[in-house]
């Protein structure tokens with residue numbers, strides 16, 4: 001008889017496991033009553049768990065079922081109800097129930113604490129989580145429970161108490177891959193890649209989650225070389241990267257802008273389960289990568305071969321065309337997208353408006369901006385207003401841009417005022433620059449770029465007293481300017497980095513000689529240094545010396561030496577290219593017959609036969 005009862009209990013639990021709706025659960029519940037098993041903690045525990053999974057309000061059905069058990073001494077039965085409240089709320093009821101259980105003298109099980117830690121983590125309540133932590137010690141026997149400690153680490157991580165999570169980890173007598181990986185991921189998300197790598201290196205068996213955390217962590221924290229180093233290590237271990245890791249590596253390639261890495265990662269993607277023709281996410285990431293590596297044609301080839309496209313792939317391609325100054329192609333693709341069932345989002349419109357901005361297409365940009373919400377249900381954000389301020393300002397409509405900013409339905413952010421300040425600098429308008437910078441100094445008090453742009457605007461207007469005033473302010477605030485940096489890819493794929501006035505490169509002697517030779521040839525076709533590109537009240541000869549020391553000129557000279565004749569020279573720069581360097585790049589493309597591509601922090605410039613793709617509108 002006992003054996004038959006045990007078999008029936010197991011059968012009913014198995015049937016409950018397969019229930020997918022409340023009607024089926026109620027039918028099984030009826031069988032439980034008919035077979036006099038409504039006092040069986042084993043069966044009732046399973047019934048409560050299934051009801052929780054089916055999102056039945058805990059206070060109604062599950063609590064009623066629990067209350068009908070006459071002698072609830074089974075800790076798993078209590079845990080099922082506590083877990084229900086912990087997951088579905090209210091959390092306070094879960095703790096009241098836990099207290100009642102302890103009053104009854106019933107000891108908790110590890111699942112009880114795991115449920116409470118999970119709930120505290122979801123509520124981001126570290127104080128409550130610490131109280132549960134104290135209970136695991138007071139009750140005893142759980143300090144060395146691996147499952148409890150792992151959920152405790154997870155709780156502290158979610159609550160932002162990473163130091164507490166690390167303390168739990170360090171004191172654990174036993175750890176598994178989950179323990180290590182939880183912290184590695186947390187450190188990577190906060191940008192502490194040193195701690196993340198320390199833990200990663202100490203992990204004997206590394207799973208894909210840990211590898212992904214390292215690759216994406218380095219990529220997201222602007223350390224692309226380290227991201228690719230870890231991705232290569234993953235490949236050498238014989239592991240197949242998952243989609244997220246692959247996209248992280250592609251993102252790192254996009255940051256580097258080097259074709260050697262781009263082609264390498266493309267080959268890996270093509271031979272994986274996530275080939276770009278079939279994976280929309282990988283395909284979209286590759287479009288972005290090739291665009292940022294200066295090869296918008298290859299980006300479009302990836303786009304054209306994709307069997308399925310969504311808003312991300314269209315938006316990536318539109319943004320790619322925009323950053324390369326191909327405004328008409330970007331807008332044409334936007335209208336092609338509208339003919340499909342793909343609905344544009346805010347990123348799509350940022351791409352289209354950026355395209356209009358780089359080409360000075362004011363009327364087209366205004367039409368698109370006006371139809372965003374009216375026709376497509378996409379409300380403009382501050383970023384869209386920044387694009388419009390940039391579009392109007394660059395085109396010389398500074399008063400219209402200022403009026404737009406002052407009548408925005410939301411508070412203008414740094415991007416909006418920054419666009420207006422940039423436009424003021426282009427058109428040498430210190431009055432509007434003062435308005436924009438006054439807001440920027442409140443919003444971004446430590447952003448030295450805003451102070452320098454205002455100073456340069458004063459300098460272009462010859463207001464040297466104001467220049468001195470701003471530079472004194474920079475000194476008082478102890479702000480440091482990011483040094484100009486450019487990097488160029490040699491024919492062997494190695495990336496060479498140059499800083500302004502750099503003398504550290506092993507071939508600096510040959511580089512400077514090549515640059516001197518180039519400048520002499522440029523003078524022969526009429527080049528004159530643009531001294532206004534130096535915003536200092538110094539002598540002309542010193543200005544010429546400073547212009548010759550710009551990092552992109554050094555990179556150009558090395559590119560002429562270190563790449564095959566006739567090949568494209570690709571230069572990446574961390575700051576905006578100056579007017580003089582822009583003139584030099586145009587002239588160099590003419591006298592050398594080489595195509596030169598420069599990516600600055602705003603856009604791509606394609607120089608060929610003495611002209612730039614930006615048509616000098618930048």
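Glycine is treated like the rest: Cβ placed from N, Cα and C.
Going by TrEMBL, these are the annotated features:
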DOMAIN    526-618  domain 'DYW'
REPEAT    74-108  repeat 'PPR'
REPEAT    145-179  repeat 'PPR'
REPEAT    207-241  repeat 'PPR'
REPEAT    279-309  repeat 'PPR'
REPEAT    310-344  repeat 'PPR'
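According to DSSP, the repeat 'PPR' (310-344) comprises 25 helix, 0 strand, 10 coil. The repeat 'PPR' (279-309) scores a mean pLDDT of 94 in the predicted structure. Beyond the repeat 'PPR' (145-179), the same-chain residues lying 6 or more positions past its ends with a Cβ under 8 Å from any Cβ of the stretch are 110, 113-114, 117-118, 120-122, 124-126, 129-130, 132-133, 136, 186-187, 190, 203, 205-207, 210. DSSP states for the domain 'DYW' (526-618), grouped as helix (H, G, I), strand (E, B) and coil, give 38 helix, 16 strand, 39 coil. Residue counts for the repeat 'PPR' (74-108) under DSSP, helix first, then strand, then coil, are 27 helix, 0 strand, 8 coil.
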